[in-house]
């Protein structure tokens with residue numbers, strides 16, 4: 001049986017799975033084939049359980065398709081593949097890394113075999129300002145399809161800091177939970193190791209600290225502080241744009257931390273390569289570990305967020321009321337929580353029960369603004385402008401991909417962002433049947449799973465239409 005069997009499986013899995021999933025769960029696996037058994041070694045129990053639950057059938061199916069009745073048995077273990085004298089025994093991934101996956105860079109120093117916790121310089125260290133908010137944990141982070149991968153990656157980093165996903169780069173629009181996950185990772189690391197030096201900050205704080213260090217002739221103390229942390233969590237890294245001196249210092253800090261296996265987590269409102277005003281060498285390093293998008297929450301997640309928030313406030317929120325709010329406010333978690341706080345405050349002040357009619361009254365200006373902003377007409381104009389076509393093309397019978405794909409995108413957005421029925425949406429797109437609209441919605445949902453470009457287009461348009 002060929003020792004390239006696992007490489008064949010990897011190649012097929014890379015074609016079949018979204019790039020981020022492949023990078024996060026499949027790429028870290030090591031494989032060893034012996035005695036008709038294929039042993040897969042996962043870096044930790046979390047990855048092992050996830051792969052076994054989610055991808056066991058996929059892998060077994062591939063083994064059967066390649067080997068037929070001679071397919072090897074699968075065995076999962078936590079750890080690394082035993083080292084042997086035979087070079088061919090190394091059955092590791094050589095599949096080319098896709099755009100959003102972890103990549104090995106020639107410039108990066110080989111990781112130390114010691115844990116990042118052991119590499120921290122001793123004595124004469126400054127007092128660390130953790131700034132981690134203890135209220136933001138994984139337990140109170142509402143998971144949904146839109147943020148599932150981001151949460152899973154953050155959870156794994158908290159369990160194994162300085163490991164495979166270093167740096168971890170989370171990106172997405174405002175109010176989607178990036179900061180919550182940063183704090184959750186910090187809390188997770190400190191729960192496992194209470195004396196860990198975990199520092200959370202906004203990128204502007206890093207800039208301010210550096211400026212102050214330069215003014216006070218204390219740049220060496222600044223370097224020692226930031227390069228001796230166990231985990232550095234920086235929010236809104238895009239604010240480094242056009243700050244050349246800060247970028248220079250962060251570049252060297254970044255390298256020092258990675259060489260010491262100390263964890264870095266960064267967030268931004270956009271994909272690393274799209275951050276203007278940041279040096280290419282930094283943007284390249286941002287993608288060395290794992291880059292994961294957080295999407296605007298889908299309807300079910302928005303409802304779950306509202307119900308959990310109400311429960312935290314000891315408020316009974318009827319399901320139909322949560323659905324009513326979630327259906328109308330779609331842009332981000334912060335907007336949802338703000339609306340619910342407003343409803344709760346009004347209910348407390350008036351002593352009235354929280355019903356749909358009460359919510360309509362309490363949020364009337366917000367709902368009116370939302371309905372005014374997002375109309376099918378507005379969606380069509382925005383999509384046409386985004387794809388550089390005419391609105392008339394969206395309404396036409398043309399079927400070329402350059403028109404059909406934007407038309408499907410516009411239909412999917414109309415279903416997501418308005419309260420119109422499928423027949424009403426079809427009528428607005430040149431009198432099309434409701435089944436055409438349904439097909440368009442399903443097609444875009446499928447493409448968002450398979451294509452980074454489509455996922456980005458959808459997120460960008462949602463953000464534009466909801467802002």
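Glycine is treated like the rest: Cβ placed from N, Cα and C.
Here's what Swiss-Prot has on this protein:
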REGION    1-90  region 'Domain I, interacts with DnaA modulators'
REGION    91-130  region 'Domain II'
REGION    131-347  region 'Domain III, AAA+ region'
BINDING   175, 177, 178, 179  ATP binding site
REGION    348-467  region 'Domain IV, binds dsDNA'
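Residue counts for the region 'Domain I, interacts with DnaA modulators' (1-90) under DSSP, helix first, then strand, then coil, are 49 helix, 17 strand, 24 coil.
Mapped onto DSSP helix, strand and coil, the region 'Domain IV, binds dsDNA' (348-467) counts 93 helix, 0 strand, 27 coil. Cβ contacts within 10 Å of residue 175 (ATP binding site), excluding its own Cβ and spanning all protein chains shown: 18. Cβ neighbours within 10 Å of residue 179 (ATP binding site), excluding its own Cβ and spanning all shown chains: 20. Summary of the ATP site environment: with the site residues 175, 177, 178, 179 set aside, the chain residues having Cβ atoms within 8 Å of the Cβ mean position are 172, 174, 176, 180, 181, 267, 294, 332, 333, 334. Taking a C-beta cut-off of under 8 angstroms and a sequence separation of 6 or more, residue 178 (ATP binding site) has the following same-chain neighbours: 150, 170, 171, 172, 235, 267, 294. Using a 10 Å radius centred on the Cβ of residue 177 (ATP binding site) and all shown protein chains, the other Cβ atoms total 28. Confidence across the region 'Domain IV, binds dsDNA' (348-467), taken as the mean pLDDT and rounded to a whole number, stands at 88.
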